[in-house]
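Encoded as structure tokens, the structure appears first; notes follow it.
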Amino acid sequence: EEDDKESSSRWITFLMRISFLANIVLFALKVWTSASSGSLSVLGSTIESLLDLLSSFILWYSRRALESRDKYRYPIGKERMELLGVLVFAAVMGTSSFQLIGFCVEVLTEGKNDKLDLSVLAEVILGLTIATKLALWLLYRSP
């Protein structure tokens, strides 16, 4: 049973590192795509990637805080750290969503009808994002 827990812990750590690395690469690619295309949907996807990085950091920090228990400093433990991390992330996610919605409404009310110009490379990057997220999802579902 102890070996199963250790193996499971290693697998979770591996998945967290892979996810974090993938999100860093995707975020960097999306920043470039967003800047070069001017697309609000790509900007929204870029913000989503930034939030993925933030959530990965929050999960890593929560896991680290839970593992480093000091029963003298924290006599009731740190089990609430994960809930606090989720709460902080939800607040940041909601705030960024409202800001993006406000920006989109502002662009719509100005009546700008700029033609969207996505390069082939930008389309490949967005396709790579979908493929990477699908691969991560399948990896998480594996035992």
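In case you wondered, yes, glycine gets a Cβ from its N, Cα and C as well.
Feature list (source: TrEMBL):
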TRANSMEM  12-32  transmembrane segment
DOMAIN    17-138  domain 'Cation efflux protein transmembrane'
TRANSMEM  38-62  transmembrane segment
TRANSMEM  83-108  transmembrane segment
TRANSMEM  120-140  transmembrane segment
Residue list, the transmembrane segment (12-32) vs rest of chain: Cβ under 8 Å, 6 or more residues beyond ends. 42, 45-46, 49-50, 52-53, 56-57, 59-60, 63, 125, 128-129, 132, 136, 139-140
Could you count the residues of the domain 'Cation efflux protein transmembrane' (17-138) that DSSP puts in helix, in strand and in coil? 99 helix, 0 strand, 23 coil
